[in-house]
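A short write-up of the structure that comes next.
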Amino acid sequence: MTTSTSAPVTAPSKTAVAARTKGLRKEYGSTVAVDRVDLELPEGAVLGMLGPNGSGKTTTIRMLLGLVRPTQGEIELLGRPLPEGAEQALPHVGALVEGPGFHPFLSGRENLVRCAAFEPLLPRKEIKQAVEDAIERVGLAQAAHRRYRGYSLGMKQRLGLAAALLVPRKLVVLDEPTNGLDPAGTREIRKIIADLHAAGSTVLVSSHLLSEVEATCTHVAVLHRGTVVAQGELTELLQAGGSALQVITPDVEKALSALRQAKISARPLGDGLRVELAGTSAPQVIETLVQGGARVFEATRWKTGLEELFARLTEAEEAERGMSAVDTLDGGRR
Amino acid sequence: MITRQFGSEVRWMLRRPRTIIGLFGLVLVPIIISFGIWTAGDDESGGGGPGLAAIIQGNGLVVPIFTLFLSLNLLLPLVASIWAADGLAGEAQHGTLRGLLVAPVSRVRLLFVKLFGLTAMSLFAVTLMAVVGIIAGTAFLGSDGMMTLSGTTLGTGEGLLRIALFIVLVTFQMVSIGAVALAVSATTEHPLVVQAATMTTIIVFQVLSQFPSLDWLHPFLITTGFPGLIDVMRDPIPLGQIWDSTLLAGCYLLIGTGLAAMRLITKDN
């Protein structure tokens, strides 16, 4: 497991890149919202962008869409640099950012027609059909004639999705798409993402619902405090970051100090320790423990899910007090 | 593409409940004025000063000009500021501005779409008031030609031409105020701030123009150009003041558009 600042965990993708950022930084006054964000979105991938509230997900997305100018850094969207290439790239990008935004006095359908009028890729004659298709696709047919004012949160979210899907897109960016949706709605969103993926579109989904990301994404990028702490293919990240060793030992203190000397990350857990296998291997850990005088009763390989990986990445600093001195996750940077 | 966007913009403005209510309110102005003069005329002993209201009696074609002239001081700037406020600040508030920018509409083009919507709707509102003024004025006060401030009487055709000219001049003043309001609108996402700022400015300008000691300032205040527009009612039309007022409004239009563009281009959304 490495950090973005050293070698990224990214599986060396031979495929083209739908979007890429380099050294992205955004300051609002004196607060730094996002710093050193190097994001890579491989073409055809479904990238889940994870991060706690305020970690810079939305700011990064807004910069990717040319809504916000970065203070520093470069952005490339569908092969064009932003903001100069925005007019060429953005027609191929559908986006739902920071919740759906529509006019309350217009019906859902009228709102979509207004959006469609500003879509460069949509010929005038096809507007009507495209709007009906989008409404159908997100399951809003029953409510399309009603005023947006009276929509439930879930219906608003669906309408936002419909606007993003008005035209066949190369890239679809969805910021918290399942906000306010019931379980059925969440499943439908998953299906839509799967359909987009199958049709060859690239999808960027930001979410703090991990099960969501685990179920739909091929790639993951984890943001924390305005920077990317890990990114890559989901399966690889889980293998790389998720493997740990649970060691049952009565000599926790001895074990911890031995591991600390060997610069292996570990923390007390239950009857023993949890040892991270990043940058080391199970035999090496056990050897270290035994040489340090700790009796090892049992050692089990611990396979983690995304939730734990996420927790470790984003709560590293908070958890640090309970861990041995070196946290290999963040250690490279400090 | 741009015509389609213009069309969408105007349709969107016309669909707003507040636009409909506003237009309805504006239309009431010439009707009330006509009615008021008609009732006042009954018991008038004659010999009133040679003001605009005095000339109107029995002279229905003056009603639209009188209506617009009165409305230009407060009502029309208010309407322009509402449209400008909804155009950028309102769209930002509802999150729809993001949608437009991601579509994408370039920011400069977006400003032109907004400016077009403002112009089209202003022209529509002013024309509507004038037409209702002509109808109401003729109905209540009768009409045989248009008596000018110079004492001559113009034929109906010539009178209608003067009204058309006045419509264009008033619309231009209104759009110029709206352009400055758009510049304010680009800086905030609270439409009320835009309306308050615009109306405060208009009122402060009118107060300032009352002080002779500030006469050096008066040529720069857009409101001091308003009274000169009434020259369309003279025969022949003296172009001096009309030209000055229009030029002043033109400066406001350019400055307002320029500031709005500068703000919009660098704005984070």
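A Cβ is built for glycine as well, from the same backbone N, Cα and C atoms used for every other residue.
A TrEMBL annotation is a machine prediction, not a hand-curated record.
Worth saying up front: this structure is predicted, and the values here are computed from it rather than measured.
Quick look at what TrEMBL lists:
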TRANSMEM  B:20-41  transmembrane segment
TRANSMEM  B:61-85  transmembrane segment
TRANSMEM  B:115-140  transmembrane segment
TRANSMEM  B:160-185  transmembrane segment
TRANSMEM  B:192-211  transmembrane segment
TRANSMEM  B:242-265  transmembrane segment
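Counting Cβ pairs under 8 Å to the transmembrane segment (B:115-140), the top-ranked stretch among B:20-41, B:61-85, B:160-185, B:192-211 is B:61-85.
Taking every listed stretch (B:61-85, B:160-185, B:192-211) in turn, the largest tally of C-beta pairs under 8 A with the transmembrane segment (B:20-41) is reached by B:61-85.
For the transmembrane segment (B:192-211), same-chain residues at least 6 beyond its ends with a Cβ under 8 Å from one of its own Cβ atoms are 73-74, 77-78, 80-82, 84-85, 89, 177, 180-181, 184-185, 217-218, 221-224.
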